[in-house]
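Here TrEMBL flags 106-158, 222-247, 328-404, 473-500 as region 'Disordered'. Marked as compositional bias 'Pro residues' by TrEMBL: 126-142, 337-355, 379-397, 477-498. Feature annotation from TrEMBL assigns compositional bias 'Polar residues' to 144-158, 226-239. What TrEMBL records for 150-239, 243-340 is domain 'Fibronectin type-III'.
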């Protein structure tokens with residue numbers, strides 16, 4: 001790809017000459033939903049010009065079937081037009097923002113602009129002789145501009161259920177306005193855009209699904225000359241019987257259940273609702289089983305009100321603006337059982353050193369001596385063996401026995417709610433190990449004990465007791481006695497294996513064309529979320545869809561943008577290149 005317009009609104013791409021020679025299927029791409037109002041005109045390419053992932057724009061005057069025989073010497077990068085390149089010479093309308101070609105030559109050299117970067121010149125033109133002015137006895141006033149702009153290339157694009165975008169071109173800089181309505185009487189006008197431009201765009205919203213609208217476009221030049229188009233029309237998309245449902249529900253666990261799904265692109269969506277049961281996935285919305293109501297932009301949900309070992313059945317419904325529910329997106333997942341805390345190993349009592357006796361001495365001489373060892377000969381009292389002084393261990397605090405003022409920490413990613421209930425409004429989530437102060441509670445609701453928390457950072461509110469433990473400090477060991485004390489047996493630990501490869505580190509923005517960085521992203525997301533993304537360096541839908549869930553479980557805003565904070569969280573995963 002020669003030119004990529006990504007997350008860049010109102011970008012203009014004019015008069016480029018591009019030969020990819022099959023190295024990439026597209027010459028120009030404009031991508032992502034934030035890329036709006038792009039204007040791509042008069043480009044000469046040998047590959048396609050396309051929109052990807054929701055990018056919107058206006059195309060005109062482009063020729064995408066160029067070949068090497070149009071140019072002087074493509075092998076050394078000389079893309080000046082030959083005289084035989086008639087498919088590109090004098091073929092397109094003028095663009096006021098482009099007055100010179102790549103060499104600085106004035107456009108046009110002929111009757112119209114040439115397509116591409118070069119304006120063909122047959123040779124150095126001989127300047128026309130300056131005409132001798134005809135003397136005018138009485139100077140006449142210079143006539144003012146009385147010609148209205150010419151409107152052309154009226155197009156509608158990205159028409160959905162409630163929105164559309166309308167564009168047009170004028171031959172001179174003019175303002176922008178549009179009238180629309182259900183009949184040719186129109187009745188509604190867009191706000192006048194006073195900027196003088198030649199490429200115009202008007203975005204219409206709050207339309208009715210499945211409805212035909214009439215419209216006409218209007219532009220007025222700097223001299224005040226108005227131009228109005230003839231009547232045009234478009235039809236919005238018809239409302240489906242049911243909203244579409246997202247796809248690709250997945251779960252990844254960390255002491256709770258986390259759900260994630262693909263982003264939803266549906267204008268009529270009002271909310272996403274999640275229902276849960278322990279016997280089967282709900283097939284219709286049931287208020288008694290509702291656990292969350294989310295915005296349509298959400299792509300993940302963290303359920304920490306679960307019991308280890310229990311299987312839960314989830315159904316996700318898309319609810320439209322009329323209250324109609326989609327078919328369910330369902331899945332069942334078993335909550336992981338919490339790992340039991342290991343009991344402290346008791347310190348072994350040291351075995352007393354054997355004290356030699358007369359019989360014991362005979363043991364070296366044979367069986368008779370052994371008998372002497374068990375004779376009634378009194379053994380001298382052994383020297384006292386010093387008893388090791390035990391290190392006191394903290395008394396375990398029973399679960400749920402917190403008091404206001406206690407410092408506690410989370411044992412998993414934990415939801416924070418506005419009210420003590422699984423149905424309370426979700427205010428945010430705290431990462432594993434987050435600490436805070438108990439400021440209220442407990443309150444029993446829905447089988448859980450809830451505590452009101454003031455966390456050290458992030459959202460404050462009510463959290464379930466099951467995933468909180470009190471922060472305590474072990475008592476120090478007493479000073480050793482004069483007697484030799486055996487060293488306590490160290491708790492065996494599993495050594496952390498050294499990485500077999502290179503540690504993944506993100507130090508710069510990740511672009512979709514940088515396959516090395518995209519592979520690192522896929523490796524890190526697989527480790528962090530337990531996914532099986534194909535590590536192919538292609539920034540496709542699966543990779544894009546995994547970014548928001550990662551941000552959610554990392555305590556970041558799930559906006560899908562891999563910025564500085566997201567890259568810091570990715571680095572914290574400490575993934576390793578295979």
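The backbone N, Cα and C atoms fix where each Cβ goes, glycine too.
Just so you know, TrEMBL annotations are computer predictions that nobody has curated.
In the predicted model, the domain 'Fibronectin type-III' (150-239) shows an average pLDDT of 94. Within the same chain, residues 56, 58, 60, 93, 164-172, 174, 217, 219-223, 225-229, 232, 234 sit at least 6 positions outside the compositional bias 'Polar residues' (144-158) and bring their C-beta atoms closer than 8 Å to a C-beta of that stretch. With a threshold of 8 Å between CB atoms, the same-chain residues lying at least 6 positions outside the compositional bias 'Polar residues' (226-239) that come near it are 148-151, 154, 156, 159-162, 164, 166, 168, 170, 174, 184, 207-220, 268, 320. Assigned with DSSP, the residues of the domain 'Fibronectin type-III' (243-340) fall into helix, strand and coil as follows: 3 helix, 43 strand, 52 coil.
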